[in-house]
Each structure stands twice: as C-alpha cells, then as structure tokens.
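Participant: Encoded as structure tokens, here's the structure I'll be asking about.
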C-alpha cells in the first residue's frame, strides 16, 4: 500500500529572497516513518560518533579549523551579482523592481521571522578577511544556522544512518556554533561555512564531492535539521555534518539550493575550480593522462582489466602477462609537441623514490589515430621479482597501491617531463571466474605543468628549447591541501516512495544539457555474485528437464534481474523458443527476399543505439545483422510489416543472441505477447492502453492526473514510445534489459507497472511544469535521471511492488470500448459521414498519388526495358555473326585436320618402309664387315704362324752354320752375312722362291682388301641416298608443323648416323 504524502508550498517574497530564483519549492514531507531513536553514549563506539569538544565552543572552533587545510587567500571579495530567475512572470518583475535590497544583518535577530533570512553572497564589511569567499562565485548565503557537529559514518549514502546521526548529534550537543552557509549555484562551486560575526571562512567543501544530503522528518525533533555527508581526506574517511535552522522552513530552501547546484553547470569551461581562464600566453599547461592495464586473454589478444567502481581499483589476475597503455593529451594553452617517450616505469606502492622505479619494455609510441593524444604502450611481466608484491593474491578487505611513471621529451621544453600516476589494484587468482564489465576501465589524472620562458640571451642558438620547467603538479596533489568531499548528492523526499534527487554519476563526465540521452547508452556489467549464479544454474538445470513448465522460483528471480551472462538463454526459454527450428530455417529464406519497406528499415537502423559500439558504425556487423532481422520480419508479417521502433527491440535481442534466435524471440514477442496488436486497426489497441494508463494514474497518482488535465497533457503525447518500443529507445541499457526480463516473464502488462513507477518517481518535478516543460522533461530529463544504476534498480523495485490486477485492466478496457461506442452513437451521422468522406477522399487522393507514382514508374520501367531489349537484340545479332564465323572456322579446321591426318598416315607408312629397308641394309653391311674382320684375323694368324716358323728355321740354320767350320766365317755374331758375294750364289735361288710366294700372298690380301673397300663405299652411297630421302621427308614434316614426326625422323637419323660410324 502506498503511503500518503502531504504537500506544502513555500511562497517566496521579493523582500526576503531577492537573490533566489522565481520558482516555488515543493516540499514533500514524509509521514508515518519511524523516528530514529536517540542513542546513549554507548552507541558512540559502534558508529564512530564524535561530539566535537563535548559541547565546548572553543574545542568546536578548533576542530573546524583542523578541517580547513587550504592556505589563506588574498582575494578581496567583490560585489556579488544577483541570480537570474529561471521562470517568467510577476515574480520576476518584482525581483527586478526591488534590485537594491539591504543585506541581511549577520547578527541573529531577536525575534525570528517567517521570511527566509537569505542574503546575497556579499560581505557587509568593507575590509575583507583572508577567508572571504571567491568574489566571482555565484552563490546563495543562508544565515541563522547552527553547526551541531560531525561524525564518521561507514554508509555515507544511507538515509537511515544519516537520520540516526542527526538525532544523536542534536540530542547530545550542548553548546553549538553559529555559522553562515554559502551554497553555490553551479556544480563547479564550493559550499562554504562562514563566521557570522567576521564573515571569515571556517571550512569549505567542493560541491562536486558531496555524497548525500538529507533533512529531518516532519513531526520529529529533527524537523529543523539537515545534514550532508562528505568524504574526508581523499575518500578514505566519510563524515556527516549536521546543522539546525532557526527557521524550520529554511531547510527546504537550503536543500533546494543543493539540488539546483547539481542540476546546473557553469557556462564557461574552467580548467579547475579556482583557476582563472588561461590565455595562450599563460605559463601553465594542462595535461590529461590516462592509464589502462591490459591482460592476456589466452586468445592471442590483450583485453583491458576491469575497474571496481566502489574502491576505484584495477582488478588484476595473478601471473598473467600484462600491458600498460598510457594516453597523454594536452587540454589547455598553446600546444606542445611531444617528441618521444624514453622511459615507462612501474613500481609497487605509492610515494616511491625514483631509484625504486623499474623500467618496462616499450612496445610502441606515437600519436593516436585522431592526432589529439600521444599513446605509449609497454609490456609488463608480473613474474619479475621486482613486481612480486603486485603478483600475489590480495585479501578481499585490502587493496594495493601501484605507481606508474612516463618520461616524455617535449620539443619546446629544456628537460624531460615525468608524469606520475598512483593507482589502487587488487590481485585475484588466475582461475577466478570474472565477468568483465563494459564500464570505464581506465583512470585519468590532470597535471598542471608550469613553464618559464627562457630569455633570448640565455639561449645558445635559435634551435634551443623555449621553456624550462618550474613545477609539475597533479590535481590530486592540489586537492590534498584542501578539505575534500565527494561527488554526488541525493535529496530524500517523502511520499509514497523514498525518491532521491541524483547528481551526475561519478563516472559520467558529460554535462546536463537540453540534449536527449542517446539510445544504447549504459554499460551493463557481467559481474555477478557466485551464489546468484549457482541459484540460476540449479534452476536452469531443472527447467531443461521439462521446458513446458516454468520453475516456481523463476518469477522471484526474474524480478531481481537476470544475470547478464545468462540473459540470452533465459530470454529464449521464457519466450518459448526452445523448439523453433522452423523459424530458424524460415529466417534464412526470408533474408533472401526483397522487402517493400527496405528504405524505412535502412533509415531507422542508422538511428538505433548510436551510443553502443556494436551499432554505431555505418555498414558494420551490428547494423548489418539488425537490417537482416528487420527485413526478415517485414516479409514474415505481411499484415503489419516493419513499423518504426521495432529496430530498438531487435537490437536489444541481438546483443544477447545470434540473428536466428533473435528473430525467433522477436516473432514470439510480437505474436504471443500481443505487441503487434498495438499496430493494428489504426492503433486502436494502443489508444486503449493509453486510456488504461490514464485510469491507473487517476487511481494511483490522482494529483498528477489532475495536473495533466489542467495542462492538457494526454497519455499519447509522452507514452507512445514506451508502449511501441517497450522502453528500449531512450533509457539506459541496464534498465531496458531488466524491463525485458519482466516482460518475457509476466507479459506485456509490465509496461503499466514501469510507466506508473516512472510517473511516481517524477511526480514532484512534473507538478511544477507546464505543457512544454512536461514534454521536455519526458524527452530529456527523465531518461537522464536513470544514468545511475542505483536509481534504475529502485525504479524496478517500485514497479515490481506496484500491484495491477488483470481484472482491473479488463475493466478499464471494457470502459474504453463502451466509451467509444457511446461516442459513435452520440455523434451526428452527418458529421460521421463527413468525417468518413474526408477519410475516403484522403485515401482516394493517396491512392491516386500512388497510382500516378506507379504509372510514372511503369513508364520509366518500360523505357528502361525497351532500351535494355534493344541492347540485347544488338548483342544477339553480334553473337549470331560470331557464331556463323566460328562454325565456318570449325569446318575449315576439320578439313585441314583430315588432310593432315592423311599426310601423316602416308608419312608414317613411308617412314616405316624406309626404316625396314635401312635395317636390312644395315644387317647386310654388318655381315660383310663381320666376314672381313674374320678374314683379317685369319690372315693375321697365318702370318704369325709363318713368321714363327721362319724364325725357327732361321735359328736352326744359324746353329748349323755355327757348327760348320767352313760356313762360320760367312756370318758375324749377330747372324748377319759378312760377305754377300760369297754366299749369294748359294742362296739366291731359295730366296727368290720364298719372295715370290710372299708376294703372291700379299697380292691376294690387297685384292680382298680392295673388294671390301668397294663394298664399304657402296654401303655409304646407299646410306647417303637414305639420308637424302630422310631430309626430304623432314622438310615436308616441318612444313606440316608436326613436331612429333620431326622427333621421329631425328631419332631415325641419329640412329642411322651412329650405325654408319660403327660401320666405318
């Protein structure tokens, strides 16, 4: 049951609030809540409560002085200009008319008035103190406040904890300190505590670092108190500061000023909170240095490690190779050229010495693709002994510090510049199951480099550097000297729910402006508690056993949100797509067909989720898959086709599953969940949904319903996109995915729950708007309100807790149809016929226009077809001519082929005949040569025998002559005749006979040799004749270009030549 809320308005007069905006502030007070109990002193130790000075005013001032860490400022306070009113109307005129108003006295009035004691941020005294607020800071100053003290808290964003601290401090503080509070009007300003007597600044808290702001409940002793929490000393200690207002109504105005500060940003772009705008001649150069750590993902790539949003630390895995990526970008002053990086260093711990830094291996350096920054990449081996501290698993309750440094050579600077980054890290087990989030995975630090220009006489030549380094300071070092506080404010408001006014999230750097939130915004983390994953794993195991029955605990788990890693599978099971193979096959056929709405699809996909990396690239994989799904559905559903907005739902499904499965789930949502009914019959069912929503508003939010009636704001003006796109078009993705979880589980009626939740949480803002302002709020401010994931979770919890019965919705549906019937019956028939006639005339004109377009298209098509036909006929004639020529060439080629085949056969026959003849001649010559050789060998043997016999006979004769005394004298010792004349007569006769015999034998041998030579000459002549015939045949073969025959003749010639040589 929703709690009732009382609404009170504070009207601001021009006499008391001349410096305030001309807006009425709506204060929604919570009733029925339990008042925080007052604790005794025993609770101090548990909560870290510290009553400043135990009630001593001197001790209280001393404690506040310790909080202040800024050095004294010499700036003199100037006259503070009045604030411009945001609204128009009589109040604005009154403000301008009474522009000269005396400042409110700093001394407390003896009798409190009901008007708010607000004064311009201007000192009363002409002599300003060292701690006077900055003169150019636009702020609102509140008097008559009492500072009750501060306490340390562990849950800085907890409203219950803050109210408890407020109750304890108010009850236990005996002596308090009167202060003046200065609240800036922009988020770049600073909340300041001033001494009401001397206007001296006691403490300051930058507005962008305040975490939480809360006021006491009406009807309790703390109703005149408010408090805010801030992170003390660089977010390591959280404190709550409690104040009491002498006039209770001022609490609402103070909280409203805090909310205004967070809604507005300064129009100029200051480099820092206190620095003056710099000119190109300034000696301070600002650099933005970001650090990103990447780890080996085991697939050959390096992926950025996640960053814990709560602890602001990197999550590293033990023993995994890493890369350090540093990006340096100059953001202010004249551009300095970075020449190179000559060192990337790393060391565990913080505030380390230069000697403790260890050099990393540089992989690459150079300008980024857009040329705006300089990127350095280095490899980091965590297994090195130097980095053992950051390679051991870190306990869950601890974090480690790591220092990274990069040394850069800047062309215009005389010496190298070192940028030093200190970050927190946690080391996990290498096997730990981590779901990497898509959130920001880098840390960024701003550095302020002060340079001094070198005088001309000090430079050696014109090529020397122009500057020398005076100092280099980071933004963190600047803030360490100040009292720090932390980034976002949430103002609790009472009512049917506890809604908070969020400030910009910590990781959102874009300013609040009038530009709507881009669709596809929001990083969805895949991290999930192990216990939740185990619960879902058990549920899915049971569900797969019987897919037709949903498990009992499914609804409660879905209300808490399906884990991102399991959404693809769970959505298909919820939609009943576990057995839809026919849709998958049909999808593959549908994408090959043409869609009549192709142009509309192409136009819409370029506007779908431009803030998401998967869909932002024109012609990329994401847009291509999205185009296929929308095209396939437009062909599948011929009655409805493609309607504007379907691409957003298809894109959400495509982020969790492949194309085929996404198409199947889209078909199920359109048909089984009834989404396509909204597009039918001229959106008749959609108008019924609008009527149901307005009736629910009338029942649940009657004041907002009446306000919308007063400003003539109808449901179709702001809720059309909610129903047609299922909230997928404008809201962050983590919220969209949760809505789809609920829709697939509980049906399309979930839209009413979410719509009522949005209207409830925005009721207070909508009640202050007019028609134009309400439309702008729905278009711009409402989606931006849920850039914080915590706000989105609270909205979904509220939506799930809102009970809307189906019986009630059917009742409203019957009322709508009855109302439509009554309108039709009460309507004048003539007016109805005239309206129908106008509709038919418009339809007729549209059809005539379409007919003209089709006729024009037909004529154009006929002309194009005639031209194509003429070209085809010309091409056919040319091809026919080419065909006839080719046929004639084919006939000639066949005749030539036959002729050559006949000649080839004749040549083969002649070659075979000549070859046989040559072989016979060769055999004959071989036999003759063999016989000749045999005769020669016989004659040689015969000659040798005769010579041997002659030698034997001569030896015998010599022996006989030696034995004869008379003949011995005729021969000498060598056997030669001494005297020829004496022996001539005796042996002439024998010698002549022997010579004659030998001559006869020699003549016979010469005769045989002559005959053999003659036969050899005849054989050579025949061989020459054969070679001549072969030469003629060879010339004919060359003429016929038959290489195979040429090779045959060459082989025959070669063989014949070899045999002829052997014959010789």
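Cβ coordinates come from backbone N, Cα and C, glycine included.
Okay, these came from Swiss-Prot:
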| type | residues | note |
| --- | --- | --- |
| REGION | 1-101 | region 'Disordered' |
| COMPBIAS | 7-22 | compositional bias 'Low complexity' |
| COMPBIAS | 91-101 | compositional bias 'Polar residues' |
| REGION | 478-520 | region 'Disordered' |
| COMPBIAS | 484-501 | compositional bias 'Polar residues' |
| COMPBIAS | 505-515 | compositional bias 'Acidic residues' |
| SITE | 644 | site 'Glutamine finger' |
| MOD_RES | 991 | phosphothreonine |
Participant: Please report the distance from the Cα of the residue listed as 'phosphothreonine' to the Cα of residue 644 (site 'Glutamine finger'), rounded to the nearest angstrom.
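Facilitator: Cα to Cα, the residue listed as 'phosphothreonine' and residue 644 (site 'Glutamine finger') are separated by 142 Å.
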Participant: Suppose we draw a 10 Å sphere around the Cβ of residue 644 (site 'Glutamine finger'). How many other Cβ atoms does it contain, all chains included?
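Facilitator: Here the count is 17.
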Participant: Per DSSP, to which secondary structure element type does residue 644 (site 'Glutamine finger') belong, with helix, strand and coil as the options?
Facilitator: coil
Participant: I want to verify one value. Collapsing DSSP to three states, which class is residue 991 (phosphothreonine)?
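Facilitator: For residue 991 (phosphothreonine) - judged by DSSP and reduced to three states - the answer is helix.
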Participant: Just counting, how many other CB atoms are there within 10 A of the CB of residue 991 (phosphothreonine)?
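Facilitator: Neighbour count, Cβ to Cβ under the 10 Å cut-off: 10.
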